[in-house]
Structure formats: structure tokens, C-alpha cells
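What Swiss-Prot annotates here:
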type     : residues           : note
ACT_SITE : 57                 : active site, thioimide intermediate
ACT_SITE : 64                 : active site, proton donor
BINDING  : 79, 80, 81, 98, 99 : substrate binding site
């Protein structure tokens, strides 16, 4: 019979339920929090749809807006969603190219969780008539997840989208 989490399992979760939040406008990977995956014997995806991502162009300082999709197959740890929200918010004044932001996010989440598999896909709104949609992924080396990452990378965008995909 399934039961809820015990208090000692939640002691490292400090942001969820906390009404006294600090919204950092500068990149803060240390705000990320994790909790234990209680279903380690099962492969399953966790997907976050993050439609309000903002960062800055490193050259012009102009804001860039995106929807970010983060999908992962957890191992031992999972990312806590409120900490992820605050972490993504911390990119608000971070100046970097779209591709860099997606790789930074993926690397920080790998460091936090050590997932079996993870992918991060940014769908940025057009600037100058061009939208940029960087996709990055990772599968644990020497495992089926590494092969999965290779396959998904090669096939991630087989169906080109229409211009009205935003």
C-alpha cells in the first residue's frame, strides 16, 4: 500500500510552501533543491513545461523569451519544482546565447540529480524574424540511456513545424 512521504524525507525541501521567497534576478544554480525518487526500479519520464523563461542577449542586453521543455528519467534524486521555478527565474538578467542557456540548465540539473536521461529544449520567440530552438540531451554513459540520447538527438525534430508554432 502506498503512503505519503515522511517528514525526514522532506527536510531538504526549504522553498516549497515558503511564502518568504527571494526572487534572484542573477543566475543562481544553488537555489535548486532535490528529493529522493521513491520509484527507482521503474523508468519513467518527468516533464516540466516552462512557458515564461527569460534571459538577456549577451550582446544587446535585450530580453529573450522562451518556453522550455525539460524531460528526464530520474535516478536517485528528482528536482523540486518550486526550486526549479526560482532557478529559471534567476536567468532573468543572465546574458547568454540561447544555446548556452539550454546547456547550462541541463548541466546544472545533471549535477543536482544525476538522472539516467535528460533533455532540455528551448523554443525561443522570434527576434529579427528568426526563432532559435536549441535542443540538448544526455544519457548516462555506457548504458541504454546513452543510446537513447543518441537516438533522440538524431530524431528530435523530424517533423518541421509551421511558422505559427508559437
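For all residues, glycine too, the Cβ spot is worked out from N, Cα and C.
Take the Cα of residue 57 (active site, thioimide intermediate) and measure to each of the recorded positions 64, 79, 80, 99: the nearest one is 64. For the substrate site, whose annotated binding residues are 79, 80, 81, 98, 99, the maximal Cα to Cα separation is 24 Å.
When the alpha carbons of the residue listed as 'active site, proton donor' and residue 80 (substrate binding site) are compared, the span between them is 25 angstrom. Non-local contacts of residue 98 (substrate binding site) by the CB criterion (under 8 A, 6+ apart in sequence, same chain) comprise 55, 64, 66, 122, 124, 132, 134. Taking the recorded positions 57, 79 in turn, the residue surrounded by the fewest other Cβ atoms inside 10 Å of its Cβ turns out to be 57. In sequence order, 132, 134, 136 constitute the residues six or more apart from residue 99 (substrate binding site) in its chain with CB-CB distances below 8 Å.
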